[in-house]
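J.: Before we start, here is the structure in question, set down as structure tokens.
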Amino acid sequence: MYLDQIKSELVEAQDVLNKFISDENNIKLIQEAALLISNSFKQGGKVLSCGNGGSHCDAMHFAEELTGRYRENRPGYPAIAISDASHLSCVSNDFGYEYVFSRYVEAVGQKGDVLFGLSTSGNSKNILNAIEAAKTKGMKVIAMTGKDGGKMAGLADVEIRVPHFRYADRIQEIHIKVIHILMMLIEFEMAKQA
């Protein structure tokens, strides 16, 4: 009944992944992002992560695996997903949804911390505002984007972009793969310090 559609979806996902892998720069950027986060942790910094919708879930997933665990039993790493419901509703109501992440960065971000922002379009105003706030605070910025990077293109210290122009879900599939690789590399790098 749906066998052809199922296979077609899997083939398209594989094609997007293969295209991403074929650009050697993407591999280098993943390593650069992992080292940037690890160095922040080693110097007492933390990660603040944010996104909208499915990307918000990915931001929470990333923070959870930093504070909890990925594959290895090890100390928790300092990470916060900007997902507190009372903060989000307060700022949305009082200032506007475009400030929900930047207000949090202004409140708890410090020089040497890392903002990890996800936007499949690269155009999310609240992520753009968070990037601006992070830079003002002297933080480093890692952006995970899609398509052509949108307005976020060129704003981050490290941008990992999935150049897919059809649906956001394909971009998110690569984002979660990258998040898992980042976790693995961060655990490797932090184990050197233990």
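Using the three backbone atoms N, Cα and C, a Cβ is placed for every residue, glycine included.
Since this is a predicted model, take the numbers as computed values, not measurements.
For reference, Swiss-Prot lists these features for the protein:
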BINDING   Asn52, Gly53, Gly54, Glu65, Asn93, Asp94, Ser119, Thr120, Ser121, Ser124, Gln172  substrate binding site
BINDING   His61, Glu65, Gln172, His180  Zn(2+) binding site
DOMAIN    37-194  domain 'SIS'
J.: Would you kindly give the Cα-Cα distance separating Gln172 (substrate binding site) and Glu65 (Zn(2+) binding site), rounded to the nearest Å?
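T.: Just about 17 Å between their Cα atoms.
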J.: What are the non-local neighbours of Gly54 (substrate binding site), defined as same-chain residues 6+ apart in sequence with CB under 8 A from its CB?
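T.: Same-chain residues close to Gly54 (substrate binding site) (Cβ under 8 Å, separated by 6 or more) are Ala168, Asp169, Gln172.
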J.: Taking every residue in the domain 'SIS' (37-194), what is their average pLDDT?
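T.: PLDDT averaged over the stretch: 96.
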J.: Max Cα-Cα distance in Å among Asn52, Gly53, Gly54, Glu65, Asn93, Asp94, Ser119, Thr120, Ser121, Ser124, Gln172, the residues listed as binding substrate?
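T.: Farthest-apart Cα atoms in Asn52, Gly53, Gly54, Glu65, Asn93, Asp94, Ser119, Thr120, Ser121, Ser124, Gln172 are separated by 32 Å.
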J.: Please report the number of other Cβ atoms within 10 Å of the Cβ of Glu65 (Zn(2+) binding site).
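T.: There are 19 such Cβ atoms around Glu65 (Zn(2+) binding site).
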J.: So if I draw a 10 Å sphere around the Cβ of His61 (Zn(2+) binding site), how many other Cβ atoms end up inside it?
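T.: I count 18 other Cβ atoms within 10 Å of it.
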